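K.L.:
Starting off with a structure, shown below.
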Amino acid sequence: MDTFWWRAAWGLCLVQLSLAQIDLNITCRYAGVFHVEKNGRYSISKTEAADLCKAFNSTLPTMAQMEAARNIGFETCRYGFIEGHVVIPRIHPNSICAANNTGVYILTSNTSQYDTICFNASAPPGEDCTSVTDLPNAFEGPITITIVNRDGTRYTKKGEYRTNPEDINPSVVSPSSPPDDEMSSGSPSERSTSGGYSIFHTHLPTVHPSRPRRPWSQRAENTSDTRDYGSSHDPSGRSYTTHASESAGHSSGSEEHGANTTSGPMRKPQIPEWLIILASLLALALILAVCIAVNSRRRCGQKKKLVINNGNGTMEERKPSGLNGEASKSQEMVHLVNKGSSETPDQFMTADETRNLQNVDMKIGV
């Protein structure tokens with residue numbers, strides 16, 4: 001019993017230690033825009049995203065700022081919060097990132113936790129990969145915050161940046177799962193050794209259709225799940241495609257630089273348990289019916305044979321009748337013989353012939 005309580009206390013301490021530590025992986029800054037991942041998974045809510053950017057002396061970027069950063073090389077393979085949207089900036093098509101689309105890919109989903117994207121107005125206008133060594137707007141707290149830069153350098157600080165009590169003590173312990181096509185930041189070549197993100201430039205083959213194309217047009221075909229598609233426009237007049245999270249089926253679309261087609265894994269329909277149980281019961285009933293039918297056939301199949309012999313009775317009965325000139329009375333002898341009896345029909349025929357011969361001899365003697 002003491003061992004159980006000791007292990008429980010040790011496990012509780014480990015849980016508290018894990019909850020008291022936060023790792024923040026950040027990318028380079030592109031026109032002030034950078035991506036932040038918390039604890040290696042989607043675990044940042046919308047309110048925490050704003051607090052985290054504020055701790056970095058930054059804000060959530062707008063769509064125009066995202067487009068400007070993408071134009072100079074900013075792209076990721078994970079969803080992140082911006083002002084009013086959840087997006088992935090893509091420059092090169094990749095089948096596991098943003099459904100093989102390019103541009104600022106907007107997601108519409110019910111999932112509430114993602115990464116975040118921040119914008120620092122004081123950052124250089126181009127690409128800046130210098131290490132971040134401070135969390136200037138973090139206040140005092142018991143949490144150990146570690147900033148992991150793209151080059152592997154780390155900066156650790158005690159403090160807190162979250163202001164929403166639900167973010168500090170979430171009611172749901174398990175983190176929300178990301179969409180199927182963005183389970184990680186990409187292949188190992190697309191991630192840095194420190195756990196952050198590297199900007200990758202992977203050129204995939206692009207198919208150019210012969211028919212005219214509309215920019216950023218999407219259509220759903222052969223879908224197995226319901227998806228919501230729409231479009232939004234920013235004040236500058238640009239049009240962005242909005243997609244729902246795709247978990248199965250196929251989608252295809254054409255873009256400004258070509259058409260890209262992505263295919264998701266087809267999900268096999270799940271067989272209900274009640275249907276399996278019903279099929280098992282029916283099979284069992286069929287087997288029992290066959291057994292009962294075979295047993296009944298064996299019982300009813302024991303046929304009985306009637307062997308009828310015409311005889312005239314015993315010797316004593318036949319003598320007076322023969323002397324008096326009366327007609328001999330015939331007597332029928334009926335033998336019931338089972339099909340499985342040890343005596344064969346030939347034996348019965350032999351006995352009958354013997355009796356008939358005796359009758360004939362007696363008549364001749366009289």
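Note that Cβ sites are derived from N, Cα and C of the backbone, with glycine treated the same way.
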K.L.:
Out of Tyr105, Tyr155, which is the one Swiss-Prot records at the hyaluronan site of Arg41, Arg78, Tyr79?
P.N.:
Tyr105
K.L.:
Looking at Swiss-Prot, which one of Cys129, Cys291, Cys300 makes a disulfide with Cys28?
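P.N.:
Recorded partner, per Swiss-Prot: Cys129.
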K.L.:
Look at the disulfide annotations in Swiss-Prot and name the partner of Cys118 from this list: Cys53, Cys77, Cys97.
P.N.:
Cys53
K.L.:
Give me the Cα-Cα distance between Asn57 (N-linked glycosylation site) and Asn120 (N-linked glycosylation site), rounded to a whole Å.
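P.N.:
With distance taken Cα to Cα, Asn120 (N-linked glycosylation site) is 7 Å from Asn57 (N-linked glycosylation site).
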K.L.:
Over the domain 'Link' (32-120), what is the model's average pLDDT?
P.N.:
93
K.L.:
Based on Cα distances to Cys77 (disulfide bond), point out the closest of the recorded positions Cys53, Asn100, Cys118, Cys129.
P.N.:
Asn100
K.L.:
Among the recorded positions listed here (Cys28, Cys53, Asn120), which has the Cα closest to the Cα of Cys97 (disulfide bond)?
P.N.:
Cys28
K.L.:
What Cα-Cα separation, expressed in whole Å, is found between Asn25 (N-linked glycosylation site) and Cys53 (disulfide bond)?
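P.N.:
The separation of the Cα atoms works out to 13 Å.
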